[in-house]
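Marked as domain 'J' by Swiss-Prot on the basis of sequence analysis: 5-70. The zinc finger annotation in Swiss-Prot covers 134-212. Residues or ranges marked as repeat 'CXXCXGXG motif' by Swiss-Prot: 147-154, 164-171, 186-193, 200-207. Per Swiss-Prot, Zn(2+) 1 binding site is recorded for C147, C150, C200, C203. The Zn(2+) 2 binding site annotation in Swiss-Prot covers C164, C167, C186, C189, and the record cites sequence analysis as its basis.
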Amino acid sequence: MAKRDYYEVLGVAKNATDDELKKAYRKLAMKHHPDRNPDNKDAEEKFKEIKEAYEVLGDEQKRAAYDRYGHAGVDPNAAGMGGAGMGGGFADAFGDIFGEIFGGAGGRRGGAQVYRGADLKYALEITLEQAAHGFDTEIRVPSWEHCDTCHGSGAKPGTSPKTCRTCGGSGAVRMQQGFFSVQQTCPTCHGTGKEITDPCPSCDGVGRIRRNKTLQVKIPAGIDDGMRIRSSGNGEPGINGGPSGDLYVEIHIKPHKIFQRDGDDLHCELTIPFTTAALGGELQVPTLGGKAEISIPEGTQSGKTFRLRGKGIRGVRASYPGDLYCHVAVETPVRLSDEQKAILRQFETSLNDGGDRHSPQSKSWTDRVKEFFS
């Protein structure tokens, strides 16, 4: 089944701003969140689709690639796109093409081709509490690193790579085709300018080995879902002396049992008994900083919202914390005994004797229905 257009998934125009994208994403994510739609497979699939769309459109580089190439531009399994990293390969491919046509550029004229290491991406899943308060953590990132045995040379210890006999160490050869002289990557040394006659036993002459490296990462307080933390130089090592790439730690916040986040604000559903709604009372509600008291006035209806200022999250760049919004849901009692039902019927009779004084909204609704059918 073909994927839907990501802009269509979020219901925004292709020129939508970052704020418009974020607002649309949060609205749809809250609507289709699995916690709000238990045992609903359709809602679960829609939530995944919405999350996937925002992960692409909410990232400047991925959005540019998607706008130009469609789904293929952001699919790591698409032909020619590569899946290990975000840097180096794509630009270098174009460099190789134009270098072969027009005589080479960027490093070939003075020696072997130099490549910057690929950027790495690491997805880190954290809780809402961790996002709010910040913390330090340790991550293990799979990456290519210089071989310790040969120190990245690719040659067996005690030996050294030799200058390539084909290209003389330049990493490129020039081919004469009629009136044109075309420069190409050396087929013998593959652009390194060196030949390895006795390869390193640890890396088989590659000069790099695959291993997990452990890094300490500081997660700032107030970080939001989809934000990225850049760790300079902790990507994959460069080739032929090129600089290392960067590591991008992308934050994913787990769904919370109570709260939904909207920017720096938090929202929760406050379920109260119908007796408390009618008579009023004091209730304790949870916050990320502990408990708070809410005074429920008499006659509170479902849908009423209580705002607790400063009980939200203080964003990474915010001066003040957001607010907590508690949305009331009045619970109707179930599994009543015969005695309880009799008491309620007696109570209902007393309400009816009072006319519309006790239930003005119900009376108003009844009047509107009568007018509709009259």
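One-based numbering along the chain as shown.
Cβ atoms here come from the backbone N, Cα and C positions, even for glycine.
Overlay of Swiss-Prot annotations on the structure.
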| residue | record | CB count, 10 Å |
| --- | --- | --- |
| C147 | Zn(2+) 1 binding site | 20 |
| C150 | Zn(2+) 1 binding site | 25 |
| C164 | Zn(2+) 2 binding site | 22 |
| C167 | Zn(2+) 2 binding site | 24 |
| C186 | Zn(2+) 2 binding site | 23 |
| C189 | Zn(2+) 2 binding site | 24 |
| C200 | Zn(2+) 1 binding site | 22 |
| C203 | Zn(2+) 1 binding site | 20 |
Query = Looking at 147-154, 164-171, 186-193, which one has the highest count of Cβ pairs under 8 angstroms to the repeat 'CXXCXGXG motif' (200-207)?
reply = 147-154
Task = Have a look at the binding-site residues C164, C167, C186, C189 and say which one has the shortest Cα distance to C203 (Zn(2+) 1 binding site).
result = C189
Inquiry  = Residues other than C147, C150, C200, C203 within 8 Å, Cβ to Cβ centroid, of the Zn(2+) 1 site?
reply    = D148, T149, H151, G152, S153, G154, A155, P199, P201, S202, D204, G205, V206, G207, R208, I209
Query = With DSSP helix as H/G/I and strand as E/B, how many residues of the repeat 'CXXCXGXG motif' (200-207) fall in helix, strand and coil?
reply = 0 helix, 0 strand, 8 coil
Across the repeat 'CXXCXGXG motif' (186-193), average pLDDT on the 0 to 100 scale = 80
Inquiry  = Looking only at the repeat 'CXXCXGXG motif' (186-193), how are its residues distributed among DSSP helix, strand and coil?
reply    = 0 helix, 0 strand, 8 coil
